[in-house]
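Asks: What TrEMBL shows for this protein is this:
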COMPBIAS  7-23  compositional bias 'Basic and acidic residues'
REGION    1-38  region 'Disordered'
TRANSMEM  55-75  transmembrane segment
TRANSMEM  81-103  transmembrane segment
TRANSMEM  110-127  transmembrane segment
TRANSMEM  154-173  transmembrane segment
TRANSMEM  180-202  transmembrane segment
TRANSMEM  208-234  transmembrane segment
TRANSMEM  246-268  transmembrane segment
TRANSMEM  322-344  transmembrane segment
Amino acid sequence: NLQESESENKLDGETASDSESKSEFGGSPPVPTSDDTPEVLNRALSNLSSRWKNWWVRGILTLAMITFFFIIIYLGPMVLMTIVMCVQIKCFHEIITIGYNVYHSYDLPWFRTLSWYFLLCVNYFFYGETVTDYFFTLVQREEPLRILSKYHRFISFALYLTGSFCMFVLSLVKKHYRLQFYMFGWTHVTLLIVVTQSHLIIHNLFEGMIWFIVPISCVICNDIMAYMFGFFFGRTPLIKLSPKKTWEGFIGGFFATVLFGLLLSYVMSGYRCFTCPVEFNNDTNSFTVDCEPSELFQLQEYNIPSVLQSVVGWKTVRMYPFQIHSIALSTFASLIGPFGGFFASGFKRAFKIKDFANTIPGHGGIMDRFDCQYLMATFVNVYIASFIRGPNPSKLIQQFLTLRPDQQLHIFNTLRAHLLDKGMLGGLEDA
C-alpha cells in the first residue's frame with residue numbers, strides 16, 4: 001500500500017517538499033471549478049450521452065463566442081483594446097483566486113488589496129508607454145498628458161515602490177512570512193504572464209488589425225479543428241498532460257489552420273481598415289485606420305516551384321506577401337501554440353483543478369480560452385519586430401516638431417549636409 005501511495009504521488013509530480021508545504025499552509029484541496037451549463041441546454045441535451053452532450057455544449061458556446069468576436073471587430077480597435085483589458089483583468093482574477101484558495105491566504109493582511117494595486121501600477125506603466133509611443137502628437141498637444149508622459153516612468157516607479165513594495169514589507173506578519181512571500185511571487189508571475197502579454201496584444205493591434213485578428217483566428221481555428229479531428233478520428237494519445245489530445249487532432253489541426261490562415265489573410269489584405277496601423281488624426285481629432293497599403297498588402301506574382309507546376313497546372317500565382325507571413329503565424333499557432341495549453345494543463349494538474357474558473361459552460365474560465373493566445377501574442381510581437389517593422393517616418397517627424405527651433409535647425413543642417421554628400425540634393429542646389 002505504501003509503495004502504491006508513493007507511485008501515485010510520483011505520477012502526480014508531487015514531492016516530499018510539496019507535502020510539507022501542504023501541512024504548513026493547511027493543505028491544498030481542489031478549487032471548485034465545475035461548469036455551470038445553462039438549464040435550457042441541460043434539458044435540450046438530456047437524452048444524449050455525456051460525450052455528445054459535451055460536444056454540443058462546447059459547439060454552441062464556441063459559436064456564441066465567435067459571434068461576439070465578430071461584433072467587437074466591427075466596433076473597431078478602441079473597443080478591441082477595451083475588451084483585451086477586460087480579459088486581462090478576468091484572467092488575473094482567476095489565477096489570483098486559485099492561489100488565494102490553494103494556499104489558504106484568507107488571513108493574510110492586505111493580500112488582495114496589494115494584488116490589485118500591483119495590477120493597477122503595471123497597467124499604468126504599460127498603457128502609458130503605449131499611448132506615448134503610438135499617439136505622440138496627441139500627448140504633446142495636451143499639457144496634462146505632456147507632463148505625465150515626461151515623468152511617466154518616474155511616476156510608475158514611485159507608485160510601485162511606495163504603494164506596493166513598501167506596503168507589502170509593512171504588512172509582513174511573523175507567523176506567515178513564508179506564505180506571504182509565496183503569494184508575493186505568485187502575484188508577480190501572474191503579472192508577467194497576463195499583463196505583459198496583454199500589452200503585446202495591444203501593440204500588435206496598433207500595427208494593424210490584421211496582426212491582431214489573423215493570429216487570434218488561427219489559434220481559434222486550430223483549437224476547433226484539433227478538437228474535431230480528435231473527436232472523430234483520434235486514436236493515438238499525444239501528451240500525458242492532456243490525455244484527450246491526440247496525434248490525429250494535432251496533425252489535422254495543423255493542416256486546417258495553415259489553409260485557414262492563407263484564406264483569411266487573402267480576404268483581409270484587400271481592406272485598408274484591417275491593414276492600416278491605428279493613428280491619431282489631428283485634423284479630425286479622432287483615431288483613424290486609413291493609409292496607403294504597404295507592399296505587404298499589394299498583390300504580387302510569384303513563380304511556383306517546377307516540382308509543383310505539374311501538379312497544380314500553374315506556373316505563377318498572384319498573392320499578397322502577407323499570406324507568406326501568415327504561413328509562419330498559422331504554423332506557430334498549430335505546432336507551438338498548443339504548448340501554451342499544455343503548460344496550463346500542467347499548472348491545473350499541479351493544483352488538482354479541472355479549470356481556472358467556470359465562467360464559460362463547457363470551456364471553463366477565460367484563462368482556459370486565452371492560455372494559447374498569450375503565447376501567440378508574444379510570438380507575433382517578436383515576429384513583427386524582427387521581420388516586418390522598420391523606421392517609421394511619421395513618428396520621427398512628430399518628435400522632430402516637438403524640439404526647440406534651434407534643435408530643429410541643427411537636425412535640418414545635419415540632414416542637408418548628409419544628403420549633399422550623397423549627391424541627392426545636387427540638382428536642388430544648382431536650382
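Backbone N, Cα and C define each Cβ position, glycine as well.
Bear in mind that TrEMBL entries carry predicted annotations, made automatically and left uncurated.
Remember, it's a predicted structure, so these values are computed and weren't measured experimentally.
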Asks: Applying the under-8 angstroms CB criterion, which one of 81-103, 110-127, 154-173, 180-202, 208-234 scores highest with the transmembrane segment (246-268)?
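Replies: Of the candidates 81-103, 110-127, 154-173, 180-202, 208-234, 208-234 scores highest.
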Asks: May I ask which of the stretches 81-103, 110-127, 154-173, 208-234, 322-344 has the most CB pairs under 8 A with the transmembrane segment (180-202)?
Replies: 81-103
Asks: Under a Cβ pair cut-off of under 8 Å, which of the recorded stretches 55-75, 81-103, 110-127 contacts the transmembrane segment (208-234) most often?
Replies: 55-75
